[in-house]
């Protein structure tokens, strides 16, 4: 439990840094601010609400990890290197996969509203 306090502080610093320096993270935060209340209003159950917001959290998690990967790669060297490029591409692919998941889940819900 002694490490819990410092862990929370470091996590908060990570959120603040991501919001301050990463425009994509800010955009996903604002998207979440719009879609979470919408999910509350259109979800038919707690399970459905959970599915709708899970995509948002998945995107935020992927973006935080992608930002961390990019920071480490840039810290090591800003020169182009195949492995550095691959690491950044894989982080970006994780974010894209999370976005696809969000689109699938929300598309299903929107489609079901019009049936």
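Backbone N, Cα and C define each Cβ position, glycine as well.
The feature transmembrane segment, as given by TrEMBL for the ranges 7-27, 49-69, sits at 49-69. In the structure shown, across all protein chains, 92 is the one of the binding-site residues 11, 92 with the greatest number of other Cβ atoms within 10 Å.
Checked against residue 89 (ATP binding site), the binding-site residues 11, 12, 63 differ in C-alpha distance, with 63 being the nearest.
Tertiary neighbourhood of the transmembrane segment (49-69): same-chain residues 14-15, 18, 21-22, 24-25, 28-29, 31-32, 35-36, 39-40, 42-43, 87-88, 90-92, 94-95, 97-99, 101-103, 105-106, 109, selected by CB-CB distance under 8 Å and a gap of 6+ residues from either end.
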